[in-house]
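Report on the structure given below.
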Amino acid sequence: MAGTVQKNTPYAWYVAILLSSAHLISFIDRFVMSLVLVPIKTELGLSDTQLGLLHGTGFVILYTVAAIPLGRMADLGNRRNLIIGGILIWSLATTACGLANSFNSLFAARIAVGFGEAALVPAAMSLIAAYFSREKLSRAVGTFTMGASLGKSVALIIGGATLAWLVTRGGLALPGMMHASPWQGLFILASLPGVAVALLLLTVREPARVREAHHAKPSVREVFAYINGQRPAYLWHTIASAAAILLVQSYAAWAPTFYIRFFAFTPAEAGLAVGMVVLVAGPLGHITGGYLTDKFQARGVTGAPGLVIGSMLVLAILPAVIFCTTRNQTLSLAAYGLLTFCTTAAAPPGLSGIQLITPERLRGIMSACFLAAVTFIAIGMGPTLIGIMTDKLFGNEQALGSSLLLATIVFAIFGAVAARMSRAPAKVALAALAEA
């Protein structure tokens, strides 16, 4: 039942943490794929390009298409129930990944995972904006996005240990069904926690919506008219955020494989090493990005989200160079930690920046439009682009580090320029919102 809520309360933080838990589960189901790329490639006889398609493009096909109508549902309907439905869909689809035995069936299951996960961020961002004031919004968003790093860590650390256990058992026996290979069993087991989180979300109260003067339900025409009216702010901010998240997703997809190829790690060892780095650096990045954005915003800095995104992208270049070129294992992991910190720090200002310049009645659909664009570029293109460069540009799977480094330099510079261009239009958009 919808009800009036007070902002910034302990219960509001409970909601933010619970939504972060849902985000965590979504990233487990999304990124467990990165741990088993090598066994999937071996068992199904796939190329790096096909692996990139499975990890990225397959996921985003319905994710980007469904995000906008689901975002509109978040503006008009019950956001909590929308999230619960999405969790159940993507959990079932992750189970289907474990039942797949060909590229086509696995690709189809990944499409379904993307469809379910498309419901989460638009509805969650709308809920968080309802539970928190503008002064606390970026920190609350940072709490939510922190679930992404924790989810990747859990997928790699616990997923790696689970994969090793499944290997010793020769896979997973399914009563009355097929015998799943270790990588298939990992997908099936990863799908189970989503049900528990869906049940916990039943404790979240749907807040009453603020009815802004002379505005009822927003029409599609109104949505696109508003975007067009503030086009420079939305365009440059989206490009900058997409560049940052493309780097996050590309490294998340390929880092375990990088350590398997260049440092002779087993999948379990790669999962533990990369997962521990992300477990520490990822949450620190999310918290820092949200904190800095709120502080700069409070001090009246023009385009605070753009300032944080651009700065972090520039800072990410040096650790990327070290990560991709050193053959010292300890130095490589340290560089990966700093790289992860910088790129994940760009996530909270990316999401909160959209909320700050958007009216409450349009936040769900605006978040969905932003999410669709960023996801299409970052997840749909990032991991696949790395695979294509490795296969076609360099023609050698041992050139994975070169592919990652080239992508980092290009997109970090491009994203930093876009972030700088977003700052002045963001100030104009904020002024227009204050006068509305």
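Just so you know, glycine gets a Cβ as well, placed from its N, Cα and C.
Just so you know, TrEMBL annotations never went through curation; they're auto-generated.
Feature list (source: TrEMBL):
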DOMAIN    15-427  domain 'Major facilitator superfamily (MFS) profile'
TRANSMEM  12-32  transmembrane segment
TRANSMEM  52-70  transmembrane segment
TRANSMEM  82-101  transmembrane segment
TRANSMEM  107-132  transmembrane segment
TRANSMEM  144-166  transmembrane segment
TRANSMEM  186-204  transmembrane segment
TRANSMEM  234-252  transmembrane segment
TRANSMEM  272-292  transmembrane segment
TRANSMEM  304-323  transmembrane segment
TRANSMEM  335-357  transmembrane segment
TRANSMEM  369-388  transmembrane segment
TRANSMEM  400-419  transmembrane segment
Recorded stretch that, among 12-32, 107-132, 186-204, 272-292, has the most CB pairs under 8 Å to the transmembrane segment (369-388): 107-132
Surrounding residues of the transmembrane segment (400-419) on its own chain - C-beta under 8 Å, 6+ positions past either end: 48, 236-237, 239-244, 246-247, 250-251, 254, 257-258, 261-262, 306-307, 309-311, 313-314, 316-317, 320-321, 323-325, 382, 385-386, 389-390, 393-394
Averaged pLDDT score, the domain 'Major facilitator superfamily (MFS) profile' (15-427): 88
